[in-house]
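Written below as structure tokens is the structure these notes are about.
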């Protein structure tokens, strides 16, 4: 009876801790690994290292935050569902961006993101402006 009681107590505490952890991760903040060298030297400055840098993503303040050029953001890939990219905002809505192929105007509600290591980055130069990072100006 003693072992069953201990196991039951551990199971209850583990379940409670898991629910609290999931809620915090979903609503407040989460830790995201920075993989690859697209943001080098800001993140993962040592190439060919087996250790990734990690960033703490604060989700609680996003509703009131005013994104600006230079901010590092985490967003879902527009081309590979489920993948998350970490890039720097280099163009805001209404600004003109010179890409390798053309000059592009960033549409409202979008931003232009690029990695710090441009030779090794899959970013807006490949898939265009990213939507849903910026709050809608009409709200």
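Note: Cβ is positioned from N, Cα and C throughout, glycine not excepted.
Residues 117-139 are the range that TrEMBL records as region 'Disordered', among 94-116, 117-139. Shown in sequence order, 38, 39, 72, 73, 75, 113, 114, 115, 121, 123, 124 are the residues of the chain, 6+ apart in sequence, with a C-beta less than 8 angstroms from the C-beta of residue 87 (active site).
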